[in-house]
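Enquirer: Let me give you the structure first, and then I'll get to my questions.
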Amino acid sequence: MTETAIDPRYLSAGANRYAAAADWAENGLVAFGADINVCLWNPSDTVGISQILSGHTAHVRAVKFLPRLQDEKSTYLVSGGDDQSLRVWALDSETGAATCVQTLQEHTAPINYLAALKIPVGSTKRRIFVSGAADSTVKVWSVDVSSGQTTLLQTIKTAKKYFPLALALSPLNDEGTSLLLAVAGTTNIIQVFTASTVDDTQLEFTPQATLPGHENWIRSLDFIREKPKSEAESDILLASASQDKYIRIWRIHQGSALSMPTSAASDASAAAAALTPGPANKIHKIKVEGADPATNKYCIMFEALLLGHEDWIYTARWCRSPTSTTSDSGEGTLQLLSASADNSLSIWESDPESGIWITVARLGEVSREKGATTATGSIGGFWTGMWSPSGTTVITLGRTGSWRRWDWDSNDQAWKQNFAVSGHTRAVTGISWSRNGVYLLSTSSDQTTRLHAEWATNPSLTTYPSKRTWHEMARPQIHGYDLNCIDSLSSTSFVSGADEKLMRVFTEPKAVARMLDRLTGTSSALSSSDFDSLPADAANIPVLGLSNKAIDVIDDDADASAAAGGNPDGGRGGDVTMQDRENMLDPASMVRKSALEIDHPPFEESLSRHTLWPEVEKLYGHGYEISCLAVSHPSSSSSDQQEKEKETHLIASACRAASLNHAVIRLFETDKWTELRPPLKAHTSTIHRLRFSSDNTYLLSVGKDRQWAVFQRDPQSSAGYTLLQLNPKGHSRMILDAAWAPKSSPPSSSVDVFATAGRDKAVKVWVRKPSRQQQQQQVGEGEENVKEKKEEEAFTLGLSLTEDQPVTALDFASEPLASSEEDGSVSNTYLLAVGTESGKLSVVAIKVSGDGSEVSVAETYKVGEQLWLPKAVMQLAWRPKVRKGGEGEDDTSGKQARELAIAGEDGSLRIYEFSL
């Protein structure tokens, strides 16, 4: 086994939609849950996700960074999820390596929330954090500094058996000898607990008060000191956000209510409290058991009611932000960031004169821009909002699993949107490189098709030329069905299949083509005349439709509603007809001329609204949901890229089947988009994979019936292909994937090779020796002998490899790894990537002799376990473009940089670069 340099060039994953599934560390690193993973991302770095941590076996619902001690080499991160476990991770600050140091299995239900004390406490400097789960308990944990081990200190059972959905933990004094814990969830009250840390041997929280007032479940709690650290005797403020659309602020004051400060702020608070007469105005007295009797008494009073959101509020978080500095100490003004299901982020600030809390900034969607369709218009609300440690950046998470980011511009004194990371939120079911290798297309069960490409014009490349970063550049298809498969027709078009009986063909619009050319630094595959002949400027989805409709871009100052053709009565002064509704477009997703004239990766609203590709064709014929498809390769005889783009291709497709009538392969030609009949028959059940050989001589199919079939091109057949060979016992269990090895030069002397992967944990390499017809014609043998020897030709098993898990994906690199001449014949070495159901990745070099008689493993390249996936590998695809050395670097080693795209059942899409 050979060690090889593997560089994760691109990691993409959509975040889980839970309010507690993300946290921002003091060092600038964001951790968020993505399916069963924890992703690490530094928003200030254009690389995007830097690392994916795997270990959980179910969705991650909560993550939290623990406070870092001075001179400590590691940062600790805690994560919890539906697998009822807590995992403690140590992140090395020097190497960036992350390891799981402990797994805790004390909860008996999914873990919903984590909260940590911001300072270590006690003489031993313990780090305290709490976890709340659906087992109606809150558990208090202590992390030992010396050993790093976590121990359970206390289990608190919630009153009336509600599920904790929000927790907040804060010291009551500067020394940290008294602690305050607030708990809320599937109830309309807040429970308050206190504890003393004077005795290092024990820590026990005792219930002290119940705060009523909210009218629905409470989703978020957060503490902060009202005054900067430079001022002593500061009160503590608690913000609580609820599904009742309101935020309540509570004041915790040391001493009695009579000693609370009186000011304009308290007068305004009294006015706000008057809105909710009754128990909500009560002053709650609490004390800390075991603390100094002279300083252990506190009181809690309702302070303010914040109104402004139109839907559930998921998070409310404090920050002493420098964006609105009013204090002489330079500590910044106290601000509150709230994220709501009404698609907005609000930043609240107390007016220094009146004390009334007002909204000083509102980010997200303005009401007039909200769309009518769930596909492109509504973003489904914001599920969490977070401040950066400096308070100059805010990020939020939407329904699509993508992050949105705003940075404070001190020159313009305004919040400016910036690009962030995005990814699929469910299993990535199919991937395909564009024919020129410029971009990668991916489909997913989240019902989207996404386009990923390198940002070649990144301004940071002038400083770091080797840091060409990958980003999601377009979202060509947003569908109403789960997408299953995809393949590229050309550099500007693709075809996809979903859980429906038809395939859809899409072509790149002009606006997206210009943007991609500008951002990727590549020239279009089309000439200027062909570029102008692209079907549309942009695309849109009708309000009641599933098909992307071609549209023209509109001027920046044009009326979007008028351009959308959305007259309520169809322009006839009467009732709205069904046809009017179907043709009506979403005004919010109309594309303006300046929308994609950008020099950076698109923002999330542009991805979901402005980068759709128009649908140009539908291909019918199948009786059930599409299971797989494949597109024939461009002719190798044409060296002109433009000629290849215009070439007519064949699309092979299959659907889910349980009978012979539906287990067929249907072929469509792309000139007139007609089906070539009759369909190809060989299988008895669902076909899992279709692959054309690199020269289109063969079409390979594998399926659930454990057999593989090879069809050979036959110009005399109306279907284009005829059955060459059927192996009913190719594997002992169903075959899940297959791939052809590339043809070497000259093709006439090349051995035909393909590999199959099955649930029987085997990878089998099949070989067909060079055509005897070609060999004998070269020496002038007669025609009769040629026919006899051609009948003897067949694919035979050349090599069988065994894995420890079912093999779910494999792919050959587009070019041979090496060629050598032995005994007058040319032997080729092919690079084969293999992925298993457990997520294991391996790369092997397969050597095939010139006459096909010997097939062996020439080399096995080690892929470290940290690069494996936690779930099944759904598909693998080598990039057709092969580089020498690294980008922006001189090639001194002579090694080739080959890039492998990996689609995962965990929703992640990865691109690994191998230096071979």
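Glycine is treated like the rest: Cβ placed from N, Cα and C.
In case it helps, TrEMBL gives these features for our protein:
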type	residues	note
REGION	769-789	region 'Disordered'
REPEAT	53-99	repeat 'WD'
REPEAT	127-151	repeat 'WD'
REPEAT	211-260	repeat 'WD'
REPEAT	421-451	repeat 'WD'
Enquirer: So what pLDDT does the repeat 'WD' (211-260) average out to?
Expert: 88
Enquirer: So how many of the residues in the repeat 'WD' (211-260) end up helix, strand or coil by DSSP?
Expert: 3 helix, 24 strand, 23 coil
Enquirer: So, by DSSP, how many helix, strand and coil residues make up the repeat 'WD' (127-151)?
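Expert: Tallied per class, the repeat 'WD' (127-151) gives 0 helix, 16 strand, 9 coil.
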Enquirer: Go ahead and report the DSSP secondary structure tallies for the repeat 'WD' (421-451): helix first, then strand, then coil.
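Expert: Breakdown, helix to coil: 0 helix, 16 strand, 15 coil.
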